[in-house]
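Feature list (source: Swiss-Prot):
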{"type": "ACT_SITE", "residues": "D70", "note": "active site, proton acceptor"}
{"type": "SITE", "residues": "R12", "note": "site 'Important for substrate specificity'"}
{"type": "SITE", "residues": "T71", "note": "site 'Important for substrate specificity'"}
{"type": "SITE", "residues": "Q155", "note": "site 'Important for substrate specificity'"}
Amino acid sequence: MRQIILASASPRRKELLKQLIGDNFLVYASSYEESPCPGMHPKELLLKHSAEKARDVAKHFNSGLVISADTSVFFNGELLGKPKSSEEAEKMLKLLSGQRFLVITGLTVLDLDSGKEISELKSTTVWMDKISNEQISAYVRTGEPLDKAGAFAVQGKGAAFVEKIEGDFFNVVGLPLFRLGKILQKAGVSIFEEGLS
């Protein structure tokens, strides 16, 4: 079994990876600090952040596969990451209310043994119901939106606002499991091997 390292402190990504391959992986959070890159297309920026997180963590290991991801909401040509305050969360939710938008994840798998790096973008379309200002305020008070891209959690109370999803549901949570499973299997990881779960 190859060593797998998840380059993320996200409890949601940890749970998703566990769902796919069981407990046989390490979690090593990246210290890479995301910064704006003027002139870079938002989608390219997600790929850059994902790859840089993987490379940062890779410096601490000699062998194995490093998995990293960066997820944001893409609406009107802009990326909506995690809100920095309750006010920003409310603003994001008002913007997305009644709209169709994309949730995009930059996914990177870095093979430390071969040096091969795979970085891809995965997109999922989300339709959000119209949300009243009262609902938005009540939801923000729960604290749930404050560490979520686009200020909502489809796997939490935010599901009450999501009318429809087209594409990989797990991508909206933060890790596109279908595509990741394919990449891991190509790298020699048997996700169906006995003893992995």
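Backbone N, Cα and C define each Cβ position, glycine as well.
Structural mapping of features recorded in Swiss-Prot.
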| residue | record | Cβ neighbours (10 Å) |
| --- | --- | --- |
| R12 | site 'Important for substrate specificity' | 18 |
| D70 | active site, proton acceptor | 27 |
| T71 | site 'Important for substrate specificity' | 29 |
| Q155 | site 'Important for substrate specificity' | 16 |
According to DSSP, which of helix, strand or coil covers Q155 (site 'Important for substrate specificity')? coil
Pop the Cα-Cα gap between R12 (site 'Important for substrate specificity') and the residue listed as 'active site, proton acceptor' into the table, whole Å please. 12
Can you grab the distance from Q155 (site 'Important for substrate specificity') over to T71 (site 'Important for substrate specificity')? Cα atoms, rounded to a whole Å. 15
